[in-house]
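Novice: TrEMBL lists these features:
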DOMAIN    1-400  domain 'Major facilitator superfamily (MFS) profile'
TRANSMEM  40-60  transmembrane segment
TRANSMEM  101-123  transmembrane segment
TRANSMEM  135-153  transmembrane segment
TRANSMEM  193-215  transmembrane segment
TRANSMEM  235-259  transmembrane segment
TRANSMEM  280-307  transmembrane segment
TRANSMEM  376-396  transmembrane segment
Amino acid sequence: DGPFVWDPVTQGVILGAFYYGYIVTPIPGGRLAERCGAKWLFGLGTLFTGLLSLLIPVAARAGVSYLIAVRVLQGIGEGVTYPAIEAQVAHWIPVNQRATAVSLIHTGGFFGVAMGMYISGLLAGSDFMGGWPSVFYVFGLWTCAWFVFWILLTSNRPADHRWASAREVHMIEADLGEQKPTLARKTPWSKMFTSPAVLGVVMAHFGTHWLQYVLVSELPTYLGTVLHYEIDDNGLYSALPYIGAIVSGALSGIVADLLRSRALMTPTHIRKLFNGLAHLVPSVMLMIVPVVGGCNGPLSLVLFVVAGTVRGVSEAGYMAIPVDMAPDYAGGVRRSSSCWRRRTPWRSIGNTTGILVPYITGVLTETMNTLEQWSYSFYLAGIVGLVTGLFFQLFASAEVQSWGLAETSAKVSPLSANEKTALKCAPGPPGSSSNGAVAAVCDGKEARTEL
């Protein structure tokens with residue numbers, strides 16, 4: 001009904017083009033986040049994507065090839081953002097608060113999707129700036145404004161923040177304890193790639209994102225072509241699953257941290273509980289849409305909303321587990337599933353779903369855009385979600401892995417003879433420490449030295 005006549009397969013290629021770039025940059029992006037910090041990496045990656053959004057209308061009118069090229073470039077810019085987030089969490093968030101922090105951070109992503117879909121529907125159905133082009137102009141300019149605030153208000157580490165007091169910095173870094181990361185280290189790739197725990201998270205990332213992309217990329221098309229909702233209503237209804245995910249994502253992190261702080265469940269059991277729900281319920285909901293929902297719009301919407309809402313609890317599952325398993329390599333681990341979820345060919349494995357889902361759906365619905373054709377897409381999503389969720393239950397672990405902590409490169413200067421004598425004579429019970437003091441052994445006697 002619009003100005004562009006694209007068949008379902010072409011639409012699938014355009015939607016998936018973003019992820020051709022998105023699966024590439026988590027590899028270098030994660031390493032840059034660990035070595036250089038997340039502030040500028042996250043900011044510039046997001047800004048680059050927003051600026052390219054301004055070119056989408058021009059590229060679309062120029063031809064499909066130009067539009068695909070811009071979408072690929074957007075993916076390249078966006079691909080560095082999640083590795084940066086994981087590195088930032090490892091530098092700022094104490095262990096017992098990480099599930100809450102990760103869930104709130106990624107809940108912001110759900111909020112962005114929900115608001116983006118709703119506002120896009122309103123803008124596309126209006127006469128503002130030509131209708132549909134205004135979607136890309138508004139969000140592109142909004143990203144530019146956001147970038148200014150990001151650079152002014154953030155820092156790589158607590159000690160670098162312009163408004164953080166010495167007491168606040170000490171409290172944060174003390175709570176990080178032995179898991180306080182450094183910016184530069186050698187990543188143990190071979191151990192990471194051969195870890196069963198990493199495999200479990202990689203599979204969970206693949207499965208939950210398959211479910212997500214069905215809801216993000218394909219739900220608006222399904223609502224329009226099968227359930228025949230108008231574009232204004234389509235934007236609102238497509239946003240509903242993510243509005244539910246905002247609530248569930250935030251609450252899941254809080255509940256997970258509560259269970260952990262009170263030692264009601266082991267960290268591994270907590271992660272498996274929430275991730276199990278995030279795979280099982282959405283998979284079942286999507287598989288029964290064709291059977292129970294059919295062409296009943298309201299009932300189908302209820303099933304989609306339940307699927308999206310419960311999928312949000314993955315924020316306390318596989319999304320939070322990398323900083324548990326490998327706090328010093330969170331960017332690399334997340335990249336691996338996103339390449340673990342964020343660096344290597346692994347994170348890229350997870351994000352291939354952004355390419356596969358639109359393309360496969362386009363192939364399945366190319367001949368007839370009917371409920372029967374769409375049912376194959378929903379059944380496939382359910383199977384993928386259940387199988388990958390099972391992998392997580394079997395192999396994932398929230399325990400710090402043997403390769404998950406980097407060896408410190410800090411050098412301690414040798415003590416002089418006078419200092420050794422003073423330490424030998426210093427009173428105090430052995431093994432005690434306070435105010436950041438750590439135990440050390442000098443000439444066979446235990447001594448204390450301030451960090």
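Glycine residues also receive a Cβ, built from the backbone N, Cα and C atoms like all the rest.
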Novice: Near the transmembrane segment (40-60), which same-chain residues lie under 8 Å Cβ to Cβ, leaving out any that are not at least 6 residues past its ends?
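Specialist: Tertiary neighbours of the transmembrane segment (40-60) are 4, 25, 29, 32-33, 66-67, 69-70, 73-74, 76-81, 83-85, 88, 130, 132-133, 136-137, 139-144, 146-147, 150-151, 154.
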Novice: Any chance the transmembrane segment (101-123) and the transmembrane segment (235-259) are in contact, meaning at least three CB pairs closer than 8 A with a sequence separation of 6+?
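Specialist: Yes, these stretches are in contact.
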Novice: For the domain 'Major facilitator superfamily (MFS) profile' (1-400), would you mind checking the mean pLDDT of the predicted model?
Specialist: 86
Novice: Compare 135-153, 193-215, 376-396 by their Cβ pairs under 8 Å to the transmembrane segment (280-307) and return the stretch that comes out on top.
Specialist: 376-396
Novice: Other than its close neighbours in sequence, what residues sit by the transmembrane segment (135-153), given a CB gap under 8 Å and a spacing of at least six beyond its ends?
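Specialist: For the transmembrane segment (135-153), the sequence-distant neighbours (Cβ-Cβ under 8 Å, at least 6 residues beyond its ends) are 39-40, 42-43, 46-47, 49-54, 56-57, 116, 119-120, 123-124, 129.
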